[in-house]
């Protein structure tokens with residue numbers, strides 16, 4: 001049965017991760033949540049008589065043997081002034097794994113059932129405590145991996161997206177009102193002037209929201225950064241430097257990295273998925289050959305490529321092949337490493353020559369850290385267009401569901417403008433206007449189906 005029809009059940013779930021910790025939070029909600037929980041609390045009358053938004057100290061007890069299970073602090077909320085709009089109990093207990101299991105078992109014994117993923121937030125939505133844009137923002141907030149994504153989710157949780165959609169809806173309904181006035185007072189002597197500017201404004205707002213989706217997805221997925229180059233040029237040293245930890249083995253032996261190593265780091269609030277790849281060279285080692293094939297595949301799919309060159313050594317045939325193939329590729333930054341060593345004159349002259357002077361290059365030393373700030377500046381400039389333009393938008397869309405609905409609304413607006421241009425009967429335009437409003441209502445949840453809600457909330461984590 002759909003969770004929409006089980007909202008009177010008393011539910012319980014662990015709201016914090018299930019591992020040993022100082023504290024954990026177990027949350028519950030339901031019509032009889034306080035009454036049922038009181039049966040396993042050391043002072044039941046105190047809870048039954050307590051007002052909402054109060055905190056109580058006591059013990060979780062086995063209601064049959066009166067054995068103390070844990071010393072706890074209980075937050076009590078009474079309907080309708082709670083997250084779910086129902087009576088709710090949140091228990092702060094010690095984060096012992098066996099203790100958590102035993103406490104939840106006793107919740108189940110007194111009549112609670114385990115909550116399904118997202119069920120607390122679903123109940124909050126059904127109680128009118130939040131709209132769907134805020135519900136989705138909660139999920140985005142929990143799963144945020146970087147400061148920028150986190151900030152965007154907080155912005156939507158504060159109601160920015162709902163307000164934007166609501167404003168567009170009001171503009172479109174104002175357009176409908178204007179048509180109605182013209183129809184009421186239209187005479188043969190008066191030419192009806194449709195306020196197309198209102199629809200054009202809505203079209204522009206929808207375009208911006210749809211455009212923001214690509215930026216949001218890039219921020220969530222992060223930058224795929226591939227470190228490529230010949231063997232022993234310092235790729236693994238650069239990998240460790242970017243991560244600020246020793247993840248890759250650094251050795252003077254060629255071919256130490258035989259397959260790629262992947263890790264993530266955050267830079268300026270943006271997620272980077274960085275790959276340290278096998279050095280490009282001719283080799284008879286089968287495993288290393290596979291690593292090089294994978295390296296080439298990663299290079300083709302990368303958002304950014306740092307091709308590392310050893311300025312103290314000669315350029316290899318693989319270096320020259322790569323430079324020729326990727327010299328006009330805007331994703332590539334040639335990182336000229338080992339400037340702290342005596343430099344190879346031929347290599348230096350090559351990068352100073354007219355043929356390659358236009359290459360995007362930066363000189364560094366992973367050993368002395370020379371040029372590292374310049375490298376960071378180059379990273380900023382390389383990702384600025386695609387990953388650092390969130391300030392261009394007052395609201396950013398990151399939900400696929402929202403993006404698809406916005407595209408539907410935009411298509412309907414385009415169709416509406418076409419009908420206006422064709423002088424379609426004004427009373428017929430009202431049907432199209434209402435269709436746009438309904439689609440926008442699906443974004444906020446004012447118009448939606450049970451199946452949509454079930455599918456959306458099942459992707460939430462337990463306890464939320």
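For all residues, glycine too, the Cβ spot is worked out from N, Cα and C.
If you take the C-beta of residue 129 ((6S)-5-formyl-5,6,7,8-tetrahydrofolate binding site) and look for same-chain residues 6 or more apart in sequence within under 8 angstroms, you find 83, 84, 85. The (6S)-5-formyl-5,6,7,8-tetrahydrofolate binding site annotation in Swiss-Prot covers 27, 90, 129, 464 and is backed by sequence analysis.
The feature GTP binding site is assigned by Swiss-Prot to 232-237, 251-257, 276-279. According to its DSSP assignment, residue 236 (Mg(2+) binding site) is helical.
According to Swiss-Prot, the Mg(2+) binding site annotation covers 236, 257. Within 10 Å of the Cβ of residue 236 (Mg(2+) binding site) there are 24 other Cβ atoms, across all protein chains.
Per-residue pLDDT, averaged along the domain 'TrmE-type G' (222-384), amounts to 84 for this model. The domain 'TrmE-type G' feature in Swiss-Prot is assigned to 222-384.
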(request) Pick out which of the binding-site residues 27, 235 has the most other Cβ atoms within 10 Å of its own Cβ. (result) 235
(message) Measuring Cα to Cα, how far is residue 90 ((6S)-5-formyl-5,6,7,8-tetrahydrofolate binding site) from residue 235 (GTP binding site) in Å?
(response) 50
(message) At a 10 Å cut-off from the C-beta of residue 278 (GTP binding site), count the other C-beta atoms across all protein chains.
(response) 28
(request) Based on Cα distances to residue 27 ((6S)-5-formyl-5,6,7,8-tetrahydrofolate binding site), point out the closest of the binding-site residues 232, 235, 236. (result) 236
